[in-house]
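These notes are about the structure you will find just below.
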Amino acid sequence: MRLLMKSRALHLSYRKDASTILITLSGIIGSGKSSLTEILSKELGTKAYYEPVEDNPVLPIFYKGNEIAAKKRAAGEKDATNPYAYLLQTYFLNRRFAMIKEAMQNDNNILDRSIYEDEIFMKMNTEMGNATKVEYDIYKSLLNNMMEELPYAAHKKSPDLMITIKVSYETMIKRIIKRGRDYEQIEKDPSLVDYYHRLLSHYDDWMDEYDESPLLIIDGDKYDFVADVKDRVKILEKIEDKLYDLGNLEQTKVDELRKAHLEILKQQ
């Protein structure tokens with residue numbers, strides 16, 4: 001199942017107008033961003049940057065804060081907020097800004113989460129009552145300042161390609177259950193059902209509006225690129241075709257990658 005990831009890294013070959021490449025991934029919780037980042041990094045021989053989750057001291061208490069706030073609002077306390085919503089989003093924003101800035105300053109990188117989708121979470125938490133309008137306005141001002149600074153902080157102004165993995169609610173929940181983080185489970189916190197449905201809706205809107213770079217949407221329900229080698233090859237070839245069309249990959253390198261894929265598929 002992981003033969004592709006174990007194959008030798010095939011480094012990118014660039015056309016004359018593309019000296020570096022930056023790929024960013026986006027998608028809802030449990031969509032497979034980190035897995036696809038790892039697969040692409042192995043395939044293309046690039047450095048991978050991962051969203052800070054396991055070492056995030058705020059994330060577990062944020063989910064608990066959401067649960068408490070939802071119960072208070074259900075009991076009639078209309079102004080109950082989550083004191084950790086603003087803290088979490090500024091924590092993520094700071095880490096993501098540092099991560100994309102470093103990636104843009106170096107050659108050939110892949111990020112499993114982007115600063116471009118960061119506002120989705122703060123906007124949604126404000127709409128749900130977990131954060132206040134004042135907190136949202138302060139966050140938005142900080143985000144705008146960072147976005148204005150980004151082109152001057154690196155030699156790239158935006159990603160070469162944004163890859164979004166789109167999944168259904170059912171697929172998302174299956175993957176959340178499989179990875180087993182207690183604070184993400186709807187059985188532990190029923191208020192997450194509404195939270196996740198809202199998040200899916202916000203991501204649909206975000207995909208329609210995104211215009212910072214070329215966008216490639218991957219159907220995460222149709223393709224199981226983690227467990228199914230054939231699906232993985234199909235997704236890799238979709239991405240590599242897009243990179244070729246954008247001028248970031250030479251035909252000779254595409255042919256080399258295709259040959260490697262055929263060898264791997266023969267082993268199945």
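Keep in mind that glycine also has a Cβ here, set from the backbone N, Cα and C atoms.
Because the structure is a prediction, the values reported are computed rather than measured.
Summarising the annotation, TrEMBL assigns active site, proton acceptor to Asp112. The number of other CB atoms found within 10 A of the CB of Asp112 (active site, proton acceptor), across every protein chain shown, is 25.
As annotated by TrEMBL, ATP binding site applies to Gly27, Ile28, Ile29, Gly30, Ser31, Gly32, Lys33, Ser34, Ser35, Arg175, Ile176, Ile177, Lys178, Arg179. Of all Cβ atoms in the protein chains displayed, 18 besides its own lie within 10 Å of the Cβ of Ser35 (ATP binding site).
For Glu51, Tyr63, Gln89, Arg113, Asp118, Glu184, the entry in TrEMBL reads substrate binding site. A 10 Å cutoff on Cβ-Cβ distances gives Tyr63 (substrate binding site) a total of 23 other Cβ atoms nearby, all chains included.
Per TrEMBL, domain 'Deoxynucleoside kinase' is recorded for 23-241.
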Residue among recorded positions Gly27, Ser31, Asp112, Ile176, Lys178 with Cα closest to the Cα of Tyr63 (substrate binding site): Ile176
Which of Ser31, Gln89, all binding-site residues, has a Cβ with the fewest other Cβ atoms inside 10 Å: Ser31
Neighbouring C-beta atoms (10 Å sphere around the C-beta of Asp118 (substrate binding site)): 19
Cβ-based isolation winner (fewest other Cβ atoms within 10 Å) among the binding-site residues Lys33, Arg113, Lys178: Lys178
In sequence order, the binding-site residues (Lys33, Glu51, Gln89) whose C-alpha falls within 10 A of Asp112 (active site, proton acceptor): Lys33, Glu51
Residues satisfying Cβ distance under 8 Å from Glu51 (substrate binding site), sequence separation of at least 6: Lys33, Ser34, Phe92, Arg95, Arg96, Asp112, Arg113
